[in-house]
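Have a look at the structure below before the remarks.
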Amino acid sequence: MRSSASRLSSFSSRDSLWNRMPDQISVSEFIAETTEDYNSPTTSSFTTRLHNCRNTVTLLEEALDQDRTALQKVKKSVKAIYNSGQDHVQNEENYAQVLDKFGSNFLSRDNPDLGTAFVKFSTLTKELSTLLKNLLQGLSHNVIFTLDSLLKGDLKGVKGDLKKPFDKAWKDYETKFTKIEKEKREHAKQHGMIRTEITGAEIAEEMEKERRLFQLQMCEYLIKVNEIKTKKGVDLLQNLIKYYHAQCNFFQDGLKTADKLKQYIEKLAADLYNIKQTQDEEKKQLTALRDLIKSSLQLDQKEDSQSRQGGYSMHQLQGNKEYGSEKKGYLLKKSDGIRKVWQRRKCSVKNGILTISHATSNRQPAKLNLLTCQVKPNAEDKKSFDLISHNRTYHFQAEDEQDYVAWISVLTNSKEEALTMAFRGEQSAGENSLEDLTKAIIEDVQRLPGNDICCDCGSSEPTWLSTNLGILTCIECSGIHREMGVHISRIQSLELDKLGTSELLLAKNVGNNSFNDIMEANLPSPSPKPTPSSDMTVRKEYITAKYVDHRFSRKTCSTSSAKLNELLEAIKSRDLLALIQVYAEGVELMEPLLEPGQELGETALHLAVRTADQTSLHLVDFLVQNCGNLDKQTALGNTVLHYCSMYSKPECLKLLLRSKPTVDIVNQAGETALDIAKRLKATQCEDLLSQAKSGKFNPHVHVEYEWNLRQEEIDESDDDLDDKPSPIKKERSPRPQSFCHSSSISPQDKLALPGFSTPRDKQRLSYGAFTNQIFVSTSTDSPTSPTTEAPPLPPRNAGKGPTGPPSTLPLSTQTSSGSSTLSKKRPPPPPPGHKRTLSDPPSPLPHGPPNKGAVPWGNDGGPSSSSKTTNKFEGLSQQSSTSSAKTALGPRVLPKLPQKVALRKTDHLSLDKATIPPEIFQKSSQLAELPQKPPPGDLPPKPTELAPKPQIGDLPPKPGELPPKPQLGDLPPKPQLSDLPPKPQMKDLPPKPQLGDLLAKSQTGDVSPKAQQPSEVTLKSHPLDLSPNVQSRDAIQKQASEDSNDLTPTLPETPVPLPRKINTGKNKVRRVKTIYDCQADNDDELTFIEGEVIIVTGEEDQEWWIGHIEGQPERKGVFPVSFVHILSD
């Protein structure tokens, strides 16, 4: 027996002993040692074997953990066999059922021999399927159930759970031993002795309880291990023997079943030979008869071959060739703004290009390459048709039905002609629009966030695209992607391969940053992500873990049902990143969705195709390339190809056919997708399916999709300048980057700089102040602009001050920042992060400072018109810095709410039609739009020297003077009152000084007395007198004083305006009644239902008011004016 000292030293150095893993103790030795210790504690040597017991338990625990892992894998494999077997049984039953039905058809058509053969094969399949079903039941009962019981019972939990009671007993023993040892050493020290060792006999009685508890837990653990050994060894093998017998019975019974048909099969083979001989003879006779008939008709074989030589089918509308491929004339084009006004435009078609002229001759016409456009007739209006380009839809209307047919035919013929030329190689490189489009898309893809470096290792300038994931990689990482297989990643080169637009759908919508935000959300630290200098081994380990195992992806769902719900929501909301998130969590993309109201068994791909349009093809493309099984059928037997034909989705069909699905699958109605396309006359789908069936489909196909490229497009439009915001519900989009001032550059000079921007986010100007510079269209083609679609705006509160007509503004004050339909300056460029929308104006051309050659007016020391404009512009900029409104720069997708523009209180110079005669309103609208750019160096002539046809720039800039109506040759006929918008707002005009500012300044000496007299004469003697309700002098002065409070100076040299007069009059409470339901899109908006009454407490801008529900002051916020009706109390 070892001494107590040596045993104690072994305890103090137990870590090194355990690392060397000393001798273990067997079950028989443990029983012997424990029995001896129980009978004679003082003479027992059990205390020397304690560490052996603990080592044994540790080794047993490790062995159990290894067995647990192996058994879990066995269980997973067996379950996979069982599930695939169930699928096989189901498929066999379906096969037998269809085969039986097919044989019954033969029996009913007087072919009993063949029908009987099919029925017998169907019966054989059913019997074999029954045997296989029994075998699978044996596998489930004998193997799967046994493994489940073991893993969920004795082996349940994780490593270490089983030995926790043993570890506690060991710890208690060690603690008690240390305490006793310390006490005995202290006792010896008190008596002047030193204890170097403690014998086992001394502590045997004191440690008996802890030793017995340790022995008990050791016994319990060994008993549990013994039971597990039995279940995982003997019991499992006994059940495998049972399954072996089930397999033997399966094969023996299957062989017996097959032997029953052996004699019948031999007889059937001979009968089939005779039937084949009969049919061959019948075919030979029919062939001879056909040749006889053809020879009697004396067909010209050459003409017959030429007639059968098919040209290229565009899968689109075919035009009447009599109209040719060129045409010039006029079409009505519906604007893309909110009001949807029909505008008459001069159009021409030549050489595959449609040219659309603008309202003014000084703007370059828009040119559309018809190769990337599709003509679509309007089913509701026989004179209207749509022209769908790659990034925009144009709505046209012909003068009559005959003209409509001519335009449709010419557009279609011109496109077909251009396409034929392209295939013959006769089209120049500059006109190859498809290649240009593909190049533009690739450039746009390379500009996406994170696409400047490899998605996996961070190498710069990646040029290899994973078409099914939408990411860019370097050449080293792309090689590993290829090794993983096309079911994981499909690699193409942006430079070496000739890509179709369909292969760029995901790349345009994903990007490396967005993809890695999902797939690398849980990267461990330190990060295993390779660097550009990493070797291929490191890259392969990381890429395999990332794309195959999804090891680093974000996990948001815990159950399979939650994942399916997320998959459904991603499809319904058309959120590609949400779809990638579900994919990263390992959901089966072709699992049937439990969505009420849809066909039973419908998958996510079925739903995506059924609801697809030109803006959601990327969702379909992701599902097609990553789902694996494109032949999944619904309860009615419809595949996704059937859905494409049923719902006429040719673009989705192109994406599907790239992955080569089975095209001849029939549904329960016995129809293939091609049969449905023929029945529903879906010609595009029919042609595509026919090509796929004959193996002629080109996978590098072009798809019609809303690309929304951020580069400068060739499809320009003046709709942004022609249209004004109207009270129609539209989403309030984020504002553009602001413009600010410096002490050395005027606002006009800064606006002339192409890239001018400011980091300040709050000091912003409404982009509409620069783009929407035209109020009334002055097109020479169409003098009228009907606005019946826009409801009239409610009158403003009188407490805001009287209004003055825009026509009283001196025209010379508009020279710096003003604009008109005759001389339009292009607006400033969008901010760098701005994504170009369909309604964005073209980028500005570089031009010189706008103030060059401006002539000062008044005395020599007075401010020039340019400086006046600067003051007004800065005031508007400062005013807009305090507003939280939105601008009109968002994408033109699903417009709902009118935008909350930054210039809120700019309606004080609007004209109320109810108080102003029609002539004043018409002429004031025209004069507000005339060109305001005087020739350099021209001095203003005297009023008596004005010619009958004055130039706008030559008019003397006298405040308040209303000049005669200009007679420029390019002005349109005078618009009528009915053609004007409901209420012109100064927010739609560029920033410019107001009459009130000038009159206010004249009172302080900024304007000479001589400059004030013509104002009075004009207001009194001009034929365009105001109505009695508008007192010109008082109103203008009052308005000037009110406006001055809104214009806060921002520069030292800016003259300080007069303080605003505070309106002390008590405003009348305004009440409005809601006429529609409205759901708030932002936190500061008000949600209401039809019929509620709102108390108006303020106005955010012309189209958004502030208020609360009557009787419920806690329900407050902004609301669109077009959704309410003003109550007259």
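Using the three backbone atoms N, Cα and C, a Cβ is placed for every residue, glycine included.
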Feature phosphoserine, as given in Swiss-Prot - residue among Ser746, Ser843: Ser843
Range annotated as zinc finger - as stated in Swiss-Prot, picked from 238-261, 454-477, 646-669: 454-477
Residue from Ser108, Ser558, Ser717, Ser881 to which Swiss-Prot assigns phosphoserine: Ser717
DSSP-derived class (H/G/I helix, E/B strand, else coil) of Ser1128 (phosphoserine): coil
Outside the repeat 'ANK 2' (636-665), six or more residues from its ends: residues with CB under 8 Å to it: 315, 502, 505, 599-601, 603, 605-606, 608-610, 612, 614, 617, 620-621, 624-625, 630, 671-674, 676-677, 680, 682, 684-686, 688-689, 691-693, 697, 699, 701, 703-705
Residue distribution over DSSP helix, strand and coil in the repeat 'ANK 2' (636-665): 16 helix, 0 strand, 14 coil
Those residues of the chain, 6+ apart, with a Cβ under 8 Å from that of Ser1128 (phosphoserine): none
